[in-house]
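Have a look at the structure below before the remarks.
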C-alpha cells in the first residue's frame, strides 16, 4: 500500500503570516492523522519561515504515524534530526534561500558527502531517503551512498502531464524500476495533485510513499481537510 504523507509547511506559513498560533501546526498534523494520513512531513529551513525547530520537537512525541523530516544536511539540520529521531529523514539539495525544492541531488558528484551524512542517520536507526531526479544513474548512486530509499522529484512529471501523460511518466517508471532492481524503497513528491496522482500511481504502483503539501492544503480550502485527505487516498487505490 502506498502511504500518503502530508507536508504541513503551508500550514506553518499561514500561521507565521499573522504571528500567534493560528492555525496550530500540531493540531492540524494530528487532525491529518485522524482523517487518514499515513504520515506527516516537515521541512524546517534555517530562517524558520514556515516550520520552526520548536514545531519539530512539539510534533515528535504526539504523532502516531510516520514522521518525515526533510532538508539540506547542514550541521544544524543533522543535529536536529539526530536529536528528534524521526522515522525517516529525506535529504534535499536546497540552498537556504530557495522558496521550494527545485532539483534532485547529483548523487554521483556528491557520493562521498552523502555517504558520510547517511551513515550518521543509518547508525541512529533512522530510515534515509535522498531526493533525486528521474534518472536511473542518480538512483544507482543514491543506493551506493547508502540510502534506504530515493524520493523522485516529480515536478517535471506534473508540468508535462497535461499535454502527454504517457511521455510525462515514462522516465519515472524507468527510475522506479531501477530502484526496485537495486532493492531500495521508493518515494515521490513535488507538485503531485488530485489531477495527476492517480495516473502516476497506476504506472508505478510499488511506490512506497508520496509526500504532498501545497496542492493538498490548497484543495482543503475548497473541500475541507478531511475530505481532501480521503480524495488523495482514493488516488492511491
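Each Cβ is built from the backbone N, Cα and C atoms, and glycine gets one as well.
Taken residue by residue with DSSP, residue 213 (3-amino-2-oxopropyl phosphate binding site) is part of neither helix nor strand, so it is coil. Taking Cβ-Cβ distances under 8 Å and a sequence separation of 6 or more, the neighbours of residue 213 (3-amino-2-oxopropyl phosphate binding site) in its chain are 6, 7, 8, 9, 10, 41. Per Swiss-Prot, the feature 3-amino-2-oxopropyl phosphate binding site maps to 7, 18, 191, 213, 214; the stated evidence is sequence analysis.
What Swiss-Prot lists as active site, proton acceptor is 43 (among others), and the listing cites sequence analysis. Secondary structure at residue 43 (active site, proton acceptor), taken from DSSP and collapsed to helix, strand or coil, is coil.
Taking the Cβ of residue 45 (1-deoxy-D-xylulose 5-phosphate binding site) as centre and 10 Å as the limit, one finds 18 other Cβ atoms among all the protein chains shown. Sequence annotations record features per position, and here Swiss-Prot assigns 1-deoxy-D-xylulose 5-phosphate binding site to 45, 50, 100 based on sequence analysis.
Per Swiss-Prot, active site, proton acceptor is recorded for 70 (among others), and the stated evidence type is sequence analysis. Its own atom aside, the Cβ of residue 70 (active site, proton acceptor) has 27 Cβ atoms within 10 angstroms in the protein chains shown. When secondary structure is read from DSSP and collapsed to three states, residue 70 (active site, proton acceptor) falls in the strand class.
Swiss-Prot lists 151 with the feature site 'Transition state stabilizer'. Over all protein chains present, the Cβ of residue 151 (site 'Transition state stabilizer') has 30 other Cβ atoms lying within 10 Å.
DSSP assigns residue 190 (active site, proton donor) to coil, not to a helix or a strand. Of all the Cβ atoms in the protein chains shown, 26 others lie within 10 Å of the Cβ of residue 190 (active site, proton donor). What Swiss-Prot lists as active site, proton donor is 190, and the listing cites sequence analysis.
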Of all the Cα pairs drawn from 7, 18, 191, 213, 214, the residues the record ties to 3-amino-2-oxopropyl phosphate, which distance is largest, in Å?
26
A 10 Å Cα radius around residue 43 (active site, proton acceptor) captures, of the recorded positions 18, 50, 151, 214, exactly 50
My understanding is the cutoff is Cβ-Cβ under 8 Å with a sequence separation of 6 or more in the same chain; which residues meet that for residue 191 (3-amino-2-oxopropyl phosphate binding site)?
154, 155, 157, 158, 159, 214, 215
Tell me which of the recorded positions 45, 50, 151 ends up closest to residue 18 (3-amino-2-oxopropyl phosphate binding site) in space, Cα to Cα.
50
Around the Cβ of residue 43 (active site, proton acceptor), other Cβ atoms found within 10 Å total 22
When the Cα-Cα distance from residue 45 (1-deoxy-D-xylulose 5-phosphate binding site) is computed for each of the recorded positions 70, 151, 190, which gives the smallest value?
70
